[in-house]
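Participant: TrEMBL lists these features:
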SIGNAL    1-25  signal peptide
ACT_SITE  H151  active site
ACT_SITE  C193  active site, nucleophile
TRANSMEM  361-378  transmembrane segment
Amino acid sequence: MHLRSLRSIVSTVLLFALFFTKCTAESTHTNNWAVLISTSRFWFNYRHIANVLGIYRSVKRLGIPDDQIILMLADDIACNPRNMFPASVFGNADRALDLYGDDIQVDYRGYEVTVESFIRLLTGRVPENTPVSKRLLTNENSNILIYMTGHGGDEFIKFQDAEDLSAHDIADALEQMHQHKRFNEILFIADTCQANSLYKHIYTPNILAVGSSEVGTSSLSHHADTDIGVAVIDRFTFYNLEFLETRVDIKSRLTLKDLFDSYDVNLIKSQPGVRTDLFHRDLSQVLITDFFGNVRDIELNAYENVSFLQESSPENKLTVFSPANDTGIVYPRATSSNTQNDTAELLTSSSILGDSKIHKFSPFLALLTVFLFPVLLLRSKR
């Protein structure tokens, strides 16, 4: 009798544990960052800047703000004298969208884009006078998208046609990031010839790596614009952007498995690769927005009873930007009383500011377990 009761208790506890695990199996990150880099320069590499600007536009649309995007490019295309569409960059021959636009924020441009600056950015070893806009201010709760495009070969990618970044350099930089708790998870994507060789030596956990082409093969351009006179985008990036722009929004439940399953070798004309052995989550459970977006769990009713905040001046207001666009939601700041200070602490600690992640089911499960377990224990003693 006692054995049967004990089995009943154990089974119940295990069921609760499984349910709790399912509720919290999603990524535990609280903020998203993107490091986007075109490593080439010169007019005939037009497509590489279009590649990186296409990804830049997508992650901004999906909610990652400019202050959490590090954009590195030679920036010698938009105002190039050969460009018959000045101050513009297009990734499609119909020229429906100017990727350069009016609101692009380039953090590293021209000859600032070097192997050294890239490694220093990732590892956080930048000079003391480096402005905030050129720093990767991540922590152990950050999910980071690293996207690289340019010319490469077996285990290297060229920078500005002057120096090489090796696969060993990439692996060591990522390990340093891990040692200094600079990320939760990383999605590393490379669109270059022989791109799959760039992640060959990575040995750091919680990194998912994707390449556009296997060793010995090229990553090909998609199409050219006859007016511009050069290819305007690469195939691998083109089909990634097509998926992101037509099927993914900030509320999307599509996963990285859905994205990777969409890869068609007959369209891409190269063999993409995905390295998953260092990544701890099943790709069917990893939302695309875990890396390309900025979606967080928010306990909305935390603000229901906040009615005593003062709105006397602009200085007393806190603006939180909506992931969907650049319009701000203005929350009034608390003033100096103790009660108001408590409310200010509530505002600044909430997940809407990216400092924590609130799980709606966890308190319920905890209370249910506390009340149910003694009942089962008493029942077993009868």
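Quick reminder: no glycine exception, Cβ is built from N, Cα and C everywhere.
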Participant: Count the Cβ atoms, other than its own, that fall within 10 Å of the Cβ of C193 (active site, nucleophile), considering every protein chain shown.
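Facilitator: Step by step: centre on the Cβ of C193 (active site, nucleophile), count other Cβ atoms within 10 Å, giving 22.
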Participant: Do me a favour and check the Cα-Cα span between H151 (active site) and the residue listed as 'active site, nucleophile'; whole Å is fine.
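Facilitator: The residue listed as 'active site, nucleophile' has its Cα 6 Å from the Cα of H151 (active site).
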